[in-house]
Structures are given as C-alpha cells and as structure tokens.
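Q: I grabbed these lines from Swiss-Prot:
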COMPBIAS  58-69  compositional bias 'Polar residues'
COMPBIAS  158-169  compositional bias 'Pro residues'
DOMAIN    2-21  domain 'UIM'
DOMAIN    362-453  domain 'PI3K-RBD'
DOMAIN    598-766  domain 'C2 PI3K-type'
DOMAIN    776-953  domain 'PIK helical'
DOMAIN    1029-1303  domain 'PI3K/PI4K catalytic'
DOMAIN    1344-1458  domain 'PX'
DOMAIN    1472-1601  domain 'C2'
REGION    54-91  region 'Disordered'
REGION    105-128  region 'Disordered'
REGION    142-182  region 'Disordered'
REGION    1035-1041  region 'G-loop'
REGION    1168-1176  region 'Catalytic loop'
REGION    1187-1213  region 'Activation loop'
Amino acid sequence: MSDDEELQLAIEISKKTFKDEQKLRSNDLDLIRFESPDEPARQRKINQIKQLYEANSPGPSSYSGSLATSPIDFRPVYNEPRAGPIPHSQSYPRNYFQDWSAIASTSQPPAFPPPPRPPKPEQYKFPPAPSVPLLHDRYFVPPPPPVPPRHSRVQQSPPVPIHPTPPVSSTPLRHSAPSFASDSQQFLSPIKPFEISFNSTVDTSSNQTGSHDHSIQYQPLTHLYVPYVMHSLNSSYGALLNGDLIDLSAFEDSSNASQDEIRKEFDPLFISTYSTDTPSPDNSMPAVNAYFSKPIDEPECVGGAKLIQENIEFPSSSFCLIDCPNGIEEQVKKLCKRNLIRKDMTPDFFIAPTVDYMVTTASTVKVVVYKDHSWKANKSNGKAMICAIDEKMDIITTQALSLFDSELPTDKEYGLKIYGLNQFLSSDSLLGSNLYTGHCLLNGDDVKLDLGVFAPNSRIYEQTLESWNLMKSQVKYSTVVDKEDVENTLGHLASEMSQYEIAFNDGSTLKLSSSSQRVKQVIMLLCKCLHGIVPEKLYNEMQKYLASTTEDQLVHHRNDFLREIHSFLELYCRCTVSRYNIPPLQIITKPKVEVLSKMDFLQIMLNSVHSIPEHWQSQYSEFYMSLDLYHGTQVLDGFSNKVPKTIKNDHFFPRIPLDLYAKFKRLNLCQYPRETRIVVSISGTVRNSAQAANEYNPDIVMLGYCSVPLYDENLFMRQGPLFLPLTLLKKQPMLKPFGPYPYIKDARDPILIMSFKIWDTEIYFPNVVIDMQCIPQDFATLDIETQEYLLELIENQDTSTLETDDQDLIWQKRLHLTNQPEALPLVLSSLQDWSFGFVMRVYQILEEWAPLRPEIAMEFLLPKYPDERIRAHAVQSLARGSTDFLYHTIPQFIEALRFELYEKSALADFILELSFVSLDFTFEIYWQLQQRVDHCAVDDLPYAIRCQNLQQKMIDEHENPNLKTDIKLQHELLNELDSIQDDLRSKSGDSEIERLHRLRTRLGILDSKLLQNKVRLPICPAFDCTGVRIEECSVFNSNAKPLKIVFRGLNMNYSIIHKRDDDMRQDAFVMKMLNEMDRIWKSNGLDLRMITFRIMPVGYRRGMGELVLNCATLMEIQKEEGLRGVLNDEILRKWLMKHNSDEFAYKEAQENFIRSCAGWCIVTYVLGIGDRHNDNILFTKNGHVFHIDFGKYMGDWQMAAGFRRDRVPFVFTTEMFHVINNGRAPTQYNQKFIDYCCKAFNHLRRNKNTLTNLLRIMACSDIPGINMDSLAFVENNLMLDLSDTDATVQFTAMIQNSLGSAFVRLNFVAHTVAQFISSRPSFSKQDPNKLSFVPELYTENSDGRISRVTVLKFEKHCIPNKIYMYKVEVHRKNVAVSSFIYRSFAEFEELHTKLRARFPMMAVSLNTISNLRSNVRAVAQKRIIHVQKFLIYLFNQVDEICHCDLVYTFFHSILRDNKCDTYIDESLDMPSQCQIYLKIEYNSVKETLSVFIGHAKYLALLQNNQQPDPYVKTYVRPDLRNQSKQKTQVVRGTRHPTFNQDLNYTEFPIEILSTRVLEVSIWNNGGYLVKHKMYMLCIPLLKVKKLAESRKNCRTLEGWFNCEKCV
C-alpha cells in the first residue's frame, strides 16, 4: 500500500469516527464510562489509525493540518485562561487510566521554574520534613493523595530527584508538579499532601474507565470571581466542555446494572426500572381512601424508592402539616453570652466609647460643669475648673460634686454626661481618652459636661403602644409553605383519587380519562404551590398509578405515589424557612459513627433543575454543570460535565434533567475538613452565538450557583436529597463558597435537586480535643539570617503572596514565632491540610500564641479562615479592644456574620454580648442589622434571616424595659419623615415658598407628637428629641428632596439630613474608613484635626446624616463675589479672615486648615473619591476642611461627555494654597503641609492590613463600588512596593501635579455656571443688612457707644495685591484707650450704599468720582478728604442712623485691625542661618548611598529683592572631574523650597566611607547662563560609617543641617 493510499484510508476512517471522537478529544478519557458492546471495535479502529500515523507521521511536534485530518489522539491546544493569569503556556492533558500505585511509580515531568524569590538562608531552600509528634491511633488519619498543579505540563523531561512537595495553594495559581515519595520517606506534615498510594482505599472495581484521574491537580471549572482568592474574572468558560461528571442518562442498556448500583448508593428504596418483577397479590396494599396501615421502614426521598415486601398503610395524620421550629430557630436559641468582654456591662445606660490613646497633646483643659435637666431648680450657671488630661473621670466627678455640694442630695450616685445628651462618661476612663474631649477642643470650645444622677432613665409614654410583635420587621418569603393551601390541595387530591378509583372499578373509559386528568391537575397545582418543583420520581409514580391495568398494580403504585408525595412535602418544608413540617412515616434511628473511621469516598448526584427562569429558556440553548469542594476559599476537588443538558417540558413545568454522578476519590471521607462546602454552578450556551467560527469555544456564560456545607449544624454529614436555590449571577458574577445554608426564598429562583449518598449510619465529625501541649521556642535561638528573613516576611504582612519555600519555613519555625502576634496569619496561611489530625496542632499553638491586637484579629473573620476555633480565638482577641474600636467596628462584625457556617457561632455570641455593653451598642447593632435585613432580603435571604434572628434574640433578651418602645417610636419617626419627603416629591410643580409651607405644616404635626412622646434619634440615640425647630428646617434643592430637620432637645439642638431613595451605605463606609485612618494617625501621634460626622443607613435606600454646623461650601464662599469668585485665588483666605477676627483665632484656623486639608488629600487619594467640585468641599469657620457626597469612589471617576472630569489624584487648589501660605509664594507652612501629607500617607502604608482587612470584609456586602477590585485599587494607591522615602517623593510630585492642574478650576467653573443657570435669581444674593467683610452684626450694646471717629492717614497694604487702606481712630464713651481700624475706600462705599438702602432720606453722600486708575497714591490722597467728610456728616445724623448696627459693625475691629503688619515682609524677622533637611542612608549589602533632599528654609532674597529659584547639587569629594554630581529639580520663586527628591550613588563600598565627604550646595537658577551658589555644607561620611546598622543593613543620618552662605 502506497503512502497516499494509507493517508487516504486514515482520512476516511477519521471522517467516519469524527463525531464519536469529539467527546473523547474534549474529555480526554477523563469521563467514567460504562462500556458498550461496540467499544472493542471502536478501539481497534483507533489503534489502526494510530499505527498508520506512527509509521508515516514525523511526530506531533511537526504536525499541521485540520482537525478532520488530525490523528485520533491529537488534541488541539485551547488557549483559554483559567482562574487568573497563568504565566506559562498550557494544553489540556491526556489522562491515562492508572490507579495511584501505578501513578506513584511513574516518572513525573518537573515543575516549571518558580518565579524569582527574595534571598533566603541557603539551608532552607529545600527544607527537611518537619518532625511531627506521634498521634494516638484514634486520631490517625490516612494521608490523602497529593493535590497536583491545576494544569499539566506537555513537555517531557527526565525524572527529577524526590523532594517534599510544596503545599497546595489556596489560590488556583500554583504551578508545581506532583512528586511521590517512597515508603521510607513518608512523613506526616500538615502543609504537604501525602505522597503515597492507597491501594487499600482506592476503588479497584473492574471498571477502570470509571476512575477519576487525580494525577492532574483539579482546576475549578466554575470560572467565577471568588473573593479573597482570585484577582481577576476569568472570561472563558470553554473548559466546562472538558468534564468528568458521569452522565447516567447517556448509558446504553448494557450498563443498566451499573447504573442501578450507583443509584442505590443514593436511594436504598431504589427499584430498577428494568426489573420484570410484578407485585404479587400478597403484597398488595389497601385502597387509597383507607389511609391506614403500619408505617414503612424509612421515609422516601426524592429520586428513588426502596422495595417494600409488606403491606403499607398511611394514616391520614401523616399528610397534615404540624407546627415545628425550623433548624435556624433551634440554633438561634443556643446563642448566649460567653463573657468575653472584660468591661462593665451597663445595658440601661448610654456610656460614651473611649479610645486607647490621648485625643490631645494638651496637659490640661477647661471643663465647665452644669446641672442636667433632671434638677427641679436648674438656674445656676456652669461652674468651671481646670482638669488634667490624664485624670480619671471619677475624680473629676468628685470635684464637680464639691462645687454643687450644698445643692445636691447625698443619697444618690452621680455621673458626668456629655452636655445635652443622656450619655455618661465612663467613670474609670481618663478625660483625655474620651472622644468628646477631643471633639470640644477640635471646635475650639470648652469641655461642657452635665452632672446627673446615675440611674436608669424611666420614661413615661402617654399613649398606648402597639405590640412589639406586630411592629417588628419581618422578611417576607414568597415560598414559605402555606399550611392551608397545601392541606386543601391534599384534600382535593384524596377526593380526585377516590373518584379515579371508582371510575377504575366501573371500567368506564370516559370517566377514567376525565378523573385521570383531574388527578394530574391537582398534582400540578401542588407542585406549583411548592415552587414549581416536579421531582421525576413523583411524576413517574403518578404516571404508573394512572397507568395501572390491574387492581394489584393500582394498589401497589398508589402507595408508592403517596409515599413520594409525603417525601416531597417533608423535603420542601425542610428546605424553606418554614415553621411547618409533615410527620414522618416512621422515625428511624441509625447508629452514629465518627467520620474518622470512614475510608469511603464522597458521592453526590445532581438530579435536575426546576423553576427555570424565562430568560434562561429564551436566551440559552444548552447547560453545563460544575461541582466543586471548598474549604474556605481553597478548592479541594471538583467535577464538571461535558455533555450538554437541555430544557425539557415533559413534566408540567420546564426543567433541566441532569442525572449526573460524581465520586470524589482525591480524599477519603475522614480527610475532609469540618468546614468543607459543596459548590454547584450552572452555565449556559447563548443561543445563536457565533459558534461556526470556533466550534470548540462557544459563547458560554455562568448563570448561577449554590453552596451547601458538607456537615449540618450538629456536625452530622448530610445524606439524601436536598432542594437548593441557585443564586442568579449579576453582571459582575461572584461565587461565594461561604455563608449560611441556602434556603428557598423566591418563586423566581431556579431549584437544584442534589442528593448525597445515604449511609447505614449517621456520620459525625468528632470534637477535637488537645491531648498534648506544644512547647514554644525562643526566637533568638534561630540563626541571624533566618531571623531577618522571617521578620521581613512578618513586616510585609501579605499572606496571599507567600511562596512555597516561605510556607515551609514559616510552618517549620512556627514554635519560634509564638511571641510574634503578627506572624499568626502567616502560619495559618502556610497550612493547607485542615483535616482532623492536623487541626490539633493548630489548636495547640493557639493556646501558646501571644495575644493578638484587635486589628490583626480582624483578618481571621475572613472566609479564608473557616475553622470555627480559629474564628473563636479571633473573637476573644477582638473583645480586648477599646470600646471605641468595638463600637465603630460593629458594621464589620455584622458583615463577617455572612461568612459563618452556622447560625450558632462565636461571632454571633460576641455581637449579642456587645449589645449588652451599653445602650449605645444596643441601638447601633439594631440598626446595623436592620439595614442588612432590608437590603439583603431579596438577593441574600439566608444572610437576611440570620441578621433578623440575631436582632430578635437581642431585643427579646435585653434587660432594658423600654427598649422595644423606643425602637418602635424610632420606626414611626422614620416613617413620618418618609411620608413628608414623598409628599414633597409628589408636588414637583410647587414653588419654593409653597414647598416650604407644606414642609412646615407637616413638621408642625410631627412636633406635637414629639411633645407627647420624646424619641431617641436612630443616628444619635442618646439625644432625647422633644420637638422640631420648624423655622430652621428646609428642603434641599435636588430630585430626591432630602430634608434638613433640626430637632429640639432638652439643652441643645441636633441637625440632620434625611434621605430616601439614596443608598447611604457608601457614605457610611467612607466615614468608617476615615475614622479608621484618623485612629491610625492619632495612635501614632499625628493629629490632623479631621471633622467626622455620623452617617446612619436605617433601611433600604434611606438613612440619616449628621449636619456639621458653622460651615459653608466652597461655592457658597465663591458666590459672595458672583461668578468671578470662582477665579479669585484669595476668596477662601478672605472668608477665613472674616470669620476669625483676632490673630490667635486666625492662626488656629490656619493650622486647622493645614492639617485637615492634608488629611483629606490622603483620604480622597487612597479611596479614589471622585466627582469633587466646589459644592461638595466644605470649610468650617474654624478652618477645618471636609468633604461630603461620596457617590464616586474606588476609581469610579465622574465622566462628562465621555471624558473623565477627575484628572488629578486629589483636589488641592490654588485657593487652598493661598490659605496655607498667606499668598502665592511657598512658605514654611507649605513645607508643614507636605510633611503632614507624607507622614499620614506612610502611617497608612505601615498599617495597610488594618485598612485592607476592612475592605476585604466589606467586599461581599453588595455596597456599590466595594469589591475585591476596590481592594486592589487601594493597595495600588498605597504604593506598597515602594519604601517610605520613595513614597514621599511620589506623593510630593502628586501635590505639585494637583496644584498645577487647570482641570480642577475648569471643573469648578463648569459647576458654578450650571448652578448659576439653575438658580440665577438667588445666585450671589447678598444680605442687605450685613457687610460683606464682617460675618456678624454688632450693636452699641455689644461694642460701646462711639463718641468720635477720625481719619488719620492712608497706607499701602498688600492683601496680597496692592491696596490703599485708611487708618481710622475710633473713640468710645467711657473707654480710655481708642482703637484703630483699617478700611478701604470700597468698604466705605459699601457702608454708604447699604445705609442709603435702609434710610432713603439720608442726606449723607460719598464722592466716588475718579479718573482712570483709582488704586494709585494720588487718588488715595484725594479720597481721604471725602472719607473724612462722609464720617462727619454721618455722625451728625439722628441716632437711628449714626448709631445703627451697620455703623457699629463697620467700626468693629477685625483681623487686619488687630494685626496691621500681617502683610509686612517676613524677611525682617527671619533668621540669617539657612537650613536644609537631609536623610543620608547607606546600605552595606547593596553598597548604595542615598541622599534624600527634603526642605530648605530661610534662604536669602536676591540682590533685586526677588525670590530665588533654588535647586540642590551633591558631590562625593574628592572628585576632581565632578563625576559624582547629582542635582534636584528647580523650585521657582520661594525662600522655603521643598525638593523631596532622592539622589543615589551605586557601587559604593563601605571601605571608602572613611575617606569621602558629601558636599551639598544650594544654587539659584537665574537663567540658562546665570547660576550661582548660594549655600554649601560638607558632611564627612565617616559619621555615617560610625552609626549602628539597622536590621535591614542600613546606616541612616538625618536631620536639619546648617548651611554656610557663599560670598
């Protein structure tokens, strides 16, 4: 035969078998099949083709051609991404059918070279196996087979030496190949898979094609975004076609016996459908209308039936629903307080939270004490005293009592409360550890306290309140069993079945057909009531019953039919949140055995999918299933099916029959961790997708998933069938292998019927008992190199990037790390085997580990640590946190509840116990739970139920008798505010006056209600609301019509903004992050004086926000000068000067501005807060900067016409720059601002885990914009790959970039113009009764009567532009010393204009005529006469005019009057010595010298009195050729430049430090050819060499250095 003939024959054979081999190529023999009779012939054809190509083909490596002509064993390479980026090319492996003994003796290809790793000690590059103490035989767990890499290697290589296999990663990104150890090398290590064969446990059935190839590490085929593991979505789902789930429905008749064996594993009642046996008359059952007989041996389960050899009768009571608590309620009852919190419990009081640092650096503060409202005669003024900041509150209380000794009864206990609130300060706290103290000092106020009786506040309500049970919110379930409907349907079924049997006995064909249809209709109605689920066995038994031909068959099938109905009802009740169930036919008690004795494999069947959504039916043609096992977020094993499944309409409603079977042979049952979860996902092929172009890569998308624990809440392994709702995936699919048991929640959710194997025993996971203690080792006993390397790993604090060798090293040295609290996450992340035998060792080291800081313990609440004892240990550490930490972390605690496996958990107990600390915690926990109940009831019902049950448990067990009433009144207040807002929005055509009138009318009704029953505000429950200040309330001008409400209290008012149809969870989260950043800064001694305010979401898209008083937006400030104000750089500084009329107040406001502006620059940059414009940046009159409106964050930038409006890292404008520097030239204040920014930024970088853990916990909260991508965004913004010095350089450059950007100004202008167009009449409208340069009105009574005023002279000032000011002397009656004020001619004009407007008949005039330029000396000289005449005429008017409030306001002293030399050149007061900040660092390992050039100050002016343009040069002398010259950038026009640049010298041996000198010089860049040296200093590098070397091999010399002036 010629070569052409052989090739032609091969092609023809390939064409004949191409369709049959498509599945083989995509599955690659990975599917367990029951062979058909044609299998030998098919194999012969395959071998024939192989022989032909082996004889003529040059080899697979050089093969090219189409698939139709390819060899039968050739597989095309599908370049489809797996779970994240894979750096190496891959192809799907060929899987050979070998058991573990065969695989163990097979040479394996070596692993790809690992990525570069940091240097580590040589002796630990291939660490030896750790020594492990022998375990008791009872706890011995056979080692599992290794978990190989997720993708195989295609190239072949010689065998490699045997080394311990690295641990399996918790992420799907490991690339290590498996290796197998000999028996002599066996060891028991929890971080290494067991590398031995298990012939005794492997299924050695003759059907070798049914084995799952575990030589290839399982790649999870869910292709979903799994939080905390994957870093990017996998866009390819084509790998689902390469499956290995067994499709039982695809077998031919010859394999029916094998199918029956599999089905019996899941259903002991299974009867083969191919059995020819017929029921005998002796085994017949009584008529259906009797319903009485002895019960069957075991309840039926959906999916099969057990062969019954005796008569069965069903009592009528077996089909009646009975009341019974569901499993969730039983778990909730077990929640209890564990006494974890070692603090005083005061559940009847509001106690202010305290911090573990001092809120101020002051040593003493002024405290003013008042008597609270409870005293009958409370007319005494407050009494002041000076208290030390570190003094205890009980001592201060005693001092306060001594001030009121004669006025107070002595038989009561007293305490100090926050002024105006019913919130006591903790008696054992320090004055400086109370946040209220810092709040008062932040606003420049005295610390005002109320003295009151420390006793529960008894509240009397005048109206009768409704029952709590009628008021409390309940999650509405659309699929909870309706008892009446089900029982009525069953009654109809019994009637129709009786009619059918009568027709059957009569033999009437017409009646039989009619009654048969009615029975089907009733069953269809029953299935429709129960979520549209139609179990296949139920439908088949109904068909058999209606197709019976003999009486014996009728009786037999009737009872089978009823058994299936009973099983269906019982299972549905268990799978919904129902308080009903159906009594079992018989209670069967199985013996209980520990899972440690079970060497079997886990077996699961996927039966079918029901309640198919309409869009699935219309948009998808085929469906594929994936079945994975998870421990936390670590994949243990998995299967997927390659055979497409389609929607069938043969059973009442559309369904997807699956009939898929999986047997997990990677691990034995005894080796699965306690927290193992089963995750099932479904994907679909899009209809009419372009599959012709790529037949092997159709458009497949993931549609939904469900997750269920392997063990129930009592730690018994699940058995039998389950109804599981599939969570529909949204636009951004996310698989969550954690959380509560999924209950059926919505009639629209598809339902999966999944079955576990039914065992003869109840299998439970035993309690882990520590029978021995570990002995901690001294960290100092390790060699220095290992210590340094471990400390570096701990300092990095990144558990997700640990290399294999790092994991080995950390686990081996775990006993040396017990005194390093920060190392515990690294140790636990290095452990990959969490089976029974290995968790004992983890629990041993937990007992000896150093106490964790609460910030570290937060990480263990993440789902990647599912072990219940690990989480309980974390809760114990959290309980040691300060009350302020616990209070502000309540949202994270409640979010972490969604990661708990069961309702009863240590975290749930901890939250319950927190609610009893004080009423502050009680109300905060209640409303945090409430908002999640409302938001999650639709998309995450199990979590919503969990929150609601905990909420109910807290309310029922709380000791405060008025709690339920208080909460009910809060709900009523919120409903009333919602009603008012809806009323205003419904009248969109009303004018502003009409809208305000309607608001005040409704608020008047609310005010009367509050007078009867005072309400605790949800946002501030310690505030007793007694009414509303109606005249101060208003409506904000936006589409949602948010309300500004000012509530009246006993001693103070409380202002809020109430919003509806606006998700305020984003704003609340940003404020939480801001509070955490502020806590980090203050605990490190950096107080940036940040203004924080409360945001409280109280339900679905509604909430309250605290209003900050005495503030204005930047737009409101700019509007004072009209549209041109947005272009005025001085507008903000003038506004601050106007509101701070003395020098001390202005300097304090300027300091507040510098600090808070630096803080908000950091916050907005790190969190990526966008949509920044001049209407959401605010300034208080005390100088604090703060932002509002956080709808755009985490890189979600505001867009306009397709362009990004936010072009800068953060908003830092020239207006802010002018406030900081008192003008346009950089000063020392600018250096201070930059230092604050860089210090704050580096503090956050060092505490990154505190921030990132909060983000990780909230990543699954469904808050818009918060996900794992936002975590990556924050980590990227923190520049974690840079050193502190490099980060300082980068952030300084960003400050300059933001300041120099023109886009911010353009954005402000565009927003201002838009506001001007929408509100033109009221835009920049000035108050005619006030002067623009004085914020308040002053009168004769406040300032004293003016007797005479005299214009003395005029002076030229720079503010900062040139202006002529008139100095006026003011004499007041009975005041010996006159005062001086400085006013411009424009201000005299403003006074004249407003006086004429108020008094039209006034005859006083002011000559304002000037020719051309008015701001010149000659014109100022002429105007002084006009001004003097104006003042003479003014004070000759009647008192009503000359002594009105406008006149006294004009002559009131302001800032420029108190400090007339504010704008005089500062050079006169400057030191003559120039200084420069340097940081010189030498690294002896890298042999590098780094010179960081920071600031320079006190540079001299140039000869022409101009500001210099400095830059810095450095040399390492001696250097005759100046080859070592390096220089910084030029800083223009300043005597106080900031460089913040790092200059580096490489290849710098340590030996030459002794002979070298660092020369640093400051130069002025006068032009291209005009440059001269201004200052110079020389630093011998010997000083650096003499310094001690740090742990990182660095010697550092830093500080301010004096420079010598060059002549």
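Glycine is treated like the rest: Cβ placed from N, Cα and C.
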Q: Do you know the DSSP helix, strand and coil residue counts for the domain 'C2' (1472-1601)?
A: 10 helix, 65 strand, 55 coil
Q: Six or more residues out from either end of the region 'Activation loop' (1187-1213), which same-chain residues have a Cβ under 8 Å from its Cβ atoms?
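A: The answer is 1066-1067, 1070, 1157, 1160-1165, 1167-1172, 1176-1178, 1265-1266, 1269-1270, 1273-1274, 1294-1295, 1297-1299, 1301, 1303-1305, 1307-1308, 1310.
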Q: What is the three-state DSSP composition of the domain 'PX' (1344-1458), stated as helix, strand and coil residue counts?
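A: Across the domain 'PX' (1344-1458), the residues distribute as 46 helix, 30 strand, 39 coil.
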Q: How many helix, strand and coil residues does the region 'Activation loop' (1187-1213) contain under DSSP?
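A: Helix, strand, coil within the region 'Activation loop' (1187-1213): 0 helix, 5 strand, 22 coil.
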Q: Let's see if you can do this one: DSSP helix, strand and coil counts over the region 'G-loop' (1035-1041), in that order.
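A: The composition, in the requested order, is 0 helix, 1 strand, 6 coil.
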Q: Can you give me the average pLDDT across the domain 'PX' (1344-1458), rounded to a whole number?
A: 87
